[in-house]
Amino acid sequence: MNFSKNQRAVIAHIPDHNLLVAASAGSGKTTVLIEHVYQQLLSGKSIDRFLISTFTDAAALEMKNRLEKRIRAGITEEEGQLKRHLQEQLLLLNSAAIGTLDSFSLRIIERYYSVIGLDPRYRMLADQTEKNLLVKDVLDDTFDEMYHDEKFLRLLNNFSSASHDQDLKNLVIKLNTMAETRANPDFWLDSIAENYRLSGGLTKGSFWKELLQPQIFNRASAALYQLLSAKKGVEDLEDYHSYIAYLADAVGLVRGFIEVCSQNNWQQMSDYFVNNSWPKSARKSGKNEQEADYFDNWIKPWIKEAKDSYRSIESDFLFLNESQWLDISEKSLGVVEELIRLTKVFRKKFALKKRELSLLDFSDGEQFAYQILQNQTVREEIQSLFDEVLVDEYQDINDLQENILTDVSNGSNFFMVGDLKQSIYGFRQADPVNFSNKYIQYKEGNGGELIELSENYRSQHNVADFTNAVFRKLMDRKLGGIDYRGDVELKAANRDYPKNLKNVADISIFDIDEESNEDEDFNSRQAQIEIIAAKIQALVGQSEIYDRQSGKMRPLVYRDITILERSHSWENDIQTIFKKYHIPINVAAGNFLQEFEVSIVLSFLKIIDNPHQDIPLVAVLRSPIYGLDENQLAEIRTADMKHDYFSALQAYAKTGQDLDLQKKMAAFLVQLENYREIAADNQIVDLIWQIYNDTNWPEYVAGMVGGSQRQANLHALYQYAQQLSDNHFVGLFSFIRYVEQLMDSVEDFAQAPVDMGQEAVSVMTIHAAKGLEFPIVFLLNLDKQIDNRDSNGAMVVDFDNGIGIDFVHPTSQVKIPTIQKIAVAEKIKEKNWAEEMRLLYVALTRAEQRLYLVGSSKRMSDLIHNWGTPVSIGKKVIAFQDRMRAKSYQSWIGMSLANSGYIKLDKVEGNYSKKDLTFKIESYNAQTIPKIVENKAKIKQNEQEETGIDLARSKKILDYNYPYKIESELAAYHNVSELKRVFEDPDSLLMPEMNSDRQPQITELPEPKFIGGNDQEQVSSTDKGTATHLILEKIDWKKEIDKDYLQQLIKENIPDQKTRQSIELDRIIWFANSEFGTEIKKSASTLKREQTFAMLIPAKQIYQQVETSDPVLVHGIIDGYFISDGLITLFDYKTDRFGKDYVSKLKERYSGQLNLYAAALSSIYPNLKVERKVVVGLQGKRLIYL
């Protein structure tokens, strides 16, 4: 590989001084880091003399794999002693210190636990559910013990109430979570109260100089910038020359205040507002309409914004005099100190509880490791173990991790790699200040060396150029953490892309016309998704991309496309609309508790606990499980209009007029009562399993868009309930309440992961996409407002700037935000905006070849004004105040392009090619969005008013013999299992009838087992096969697969005793120990199981009677496959009982099915060959190679 000059400098670095590698997106930092380590090995060093810290376990595994690959390549290149040395390194690699800092911290604890008196028999508290329950118990005990304390009661009054203390508990948890990531948690907790100790006055000390005064200056400066812009604008408007003097007076007013503010005297600032009012507005002198439009659209808003910004200084800060603020600060100090004391008490109790139970959580691991490292003898011993300490993703470490790494290094062997522009984990307490400080110091030549890698080997030049055009005007040290210019900018360095490959950045804006009469159902969200769907349809099959592996152009396919989103909130809409367009989709992990399929089960549990809840009851009845429509629900309501809906349902089940509906509801009530009895006598996990079995809900959701993910989510709910049961968390009501409290915990309740390599468009959040790259990227919802929730609430807290609270007067109960809260909240907002800016950078730099941006605006005129901030034209970066005033990515992108002179503000739509940057902007409305026009045209044709009947024409139509009758009877969508009979008899068209909405509606529920009295009911072959497949899916092929292991696996995953007993363990053990099972074990790293796929197949390839090539969408789930030496082996489990001619019947029945699987894998992996197709006949213990 040809390395750049800076890459070679990193690779050749000798660890006799600290090095910071600032590696931009796509700069090959991991490749360079691997090569650096390899070159150190060639110099005679050993891999076990390196500490390599990664951000995630997955990154550590990738690092090891790539190092192994590089060492193996070196072994083939080298000879003699050097070759033997590399072979030794290969043996040492698995035990090398390559992993997360969590794992390294545990290594320290395991060896030196006695230094801090830790019990070595501890257990890792890895289960977040278990930790949450333990936190809840300790917090409840802590509060119960303090209710007699007057200070605690005053604290409770300030943040909660005696009857509802959860708000205060949440504040304690938040402070504890932040403290856990500091090297000295108690010291940090004490420090956050410092801003309330104002003995020297309000305009003295660090609170004034570092927080309050800069923010007042910022507001005044914002007003000044806007006024100067307005003044410059009216100089060219003859009718508005009178405004020049008015604006000059306003400019003088604001400049005067800035001067007073620099005097550090609160009273003088207050007096200035009292004695100097805003000047009286001027009047225009003419009737030039063009000038009037310009003034109204541009100048007038700037004047208003300037006035508002200036007056906010008085309304937010100067409405109280200094003595009043000092009095509130003094009283608030007592509240803050009590909150800190309460947090410390909880921390101490929680630590004691964990020691009592011999538990350690991950934060303990790093805290204890840091404490051990404070022992000088131990610290020096650990330092002596490593020749070099390397850390990847350095921008995302926290204060505690920084201190651990600094202590482990010897002061001159610290190798740090990262990109400040990609620091996006503030919600995990990551602190980019560590990177920023070293970047500044090293750039000035103090403390270490800085090497910048700005060459981008990922993206085509159009992506890199567009990203630079946006961030050149947006990011600087003040907002973003780094000045985006020079070596920091991306430099497209991939010379493999064809020179004639002309791709442009594509910006699409949906124009929401509030005055139009369009359907309210057609909203911005749907419109943006429709735009993306239409563009994807236009791309796939009709466009080509450059394949970087083959070095050739090839047709663009679905898996080349990824849609990035800021959050998971649009995913259901994306799935629904994409289904209409027949676009396969793969959605990455979100919060599974909030997904549709899980919410229905949670609603079911709610009404089992208490059926007198209208919303969850109607949700269950309306769901596909029972399939009631609005008319049926309304009819049930009429049975009892005075009481709740459940009472009406009970009445209807007795006297309903629709006999079918009455019978259905009577059966529902019997079933509900049965579930209530199960809930009373069994664990929650048993109840959930029973619901799954009775309703076939998991099987139904498998047929929906994203079926495999939905099934995984339902299984995750079952496993979560199992975890709670294992931790002695009992009671349906308590379970429901607990889940409701944690519904917003996206990080703790991520969806079960699915394979992203399927032939489908991928959808994921920007966070999930970090570190990945995709040929085509769509970034949607550009106009989504930047989230600023953590700068609101009763308490705001920041690592560097302390805590801000609302003060509640103990007698009057009047609530007022402290001046500290106002200042800290503003600082938090700045950090939020900076992180969102870095998130936008991550999103844009995921694209390799094409970038599509989609957003909306209520009025294009408002959007244009939002983008036009001429205050900053000619400056290197847009004014800080303008960037902070932006509320979305869309605002930032537009104002950056406008201020760079790339786009015209009189009409933003169009194709732009300027300064080597090419992009286009398109606007859409409800009439112009692709496909919507066609749909609406069809609807209008169907709704045409009848004016007469042409009988001759009608007869001709009715007598018409349709030549494609057979084709019209075919379903457009099939599951592979439904095609099984076609493979057995290609002439058969007897496909299973499918309801168009595929609803498993229950018209008559089965008789409950306790009524029928059939205690000997056998497990069905279907249930047995499903259970067997589930166990085979869960097997860890790296473990010894014996009877004990399988019984434990069954116990964890199959709650029903009879189903457990029906699984034939000897057949699974036979398979695991077979020659083929041994192959799977060897290929465990590439093994994929339960992989869904969807593909289009010409109908005539399935049905011999059909002539058309129209495609049929086939969906299926492959039991498993693995890749070895570039060849794919796929396999499928079968539990059929055939007896005679076992092998031939399995071949006959399933060869077509596996051929489809092979075709699907060939489309997913176009460069790999499917070598073998294996049917695993479990009943006959036969391996059948097709």
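Glycine is treated like the rest: Cβ placed from N, Cα and C.
Copied from Swiss-Prot, the annotated features are:
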type: BINDING; residues: ALA23, SER24, ALA25, GLY26, SER27, GLY28, LYS29, THR30; note: ATP binding site
type: DOMAIN; residues: 2-460; note: domain 'UvrD-like helicase ATP-binding'
type: DOMAIN; residues: 487-771; note: domain 'UvrD-like helicase C-terminal'
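Neighbouring residues of the recorded ATP site, listed in sequence order and excluding ALA23, SER24, ALA25, GLY26, SER27, GLY28, LYS29, THR30, comprise VAL32, ASP419, LEU453, ASN456, TYR457, ARG458 (Cβ within 8 Å of the Cβ centroid). Scoring each of the binding-site residues (ALA23, ALA25) by how many neighbouring Cβ atoms lie within 10 Å, the top position goes to ALA23. Neighbour counts of Cβ atoms within 10 Å were taken for the binding-site residues GLY26, GLY28; the minimum is at GLY28. Long-range Cβ contacts of THR30 (ATP binding site) within its own chain (separation 6+, distance under 8 Å): GLU62, MET63, ARG66, ASP392. The Cβ of SER27 (ATP binding site) lies under 8 Å from the Cβ of LEU453, SER454, GLU455, ASN456, TYR457, each of which sits 6+ residues away along the same chain.
Within the same chain, residues at least 6 positions away in sequence whose Cβ sits under 8 Å from that of LYS29 (ATP binding site) are VAL21, ALA23, ASP392, VAL417, ASP419, LEU453.
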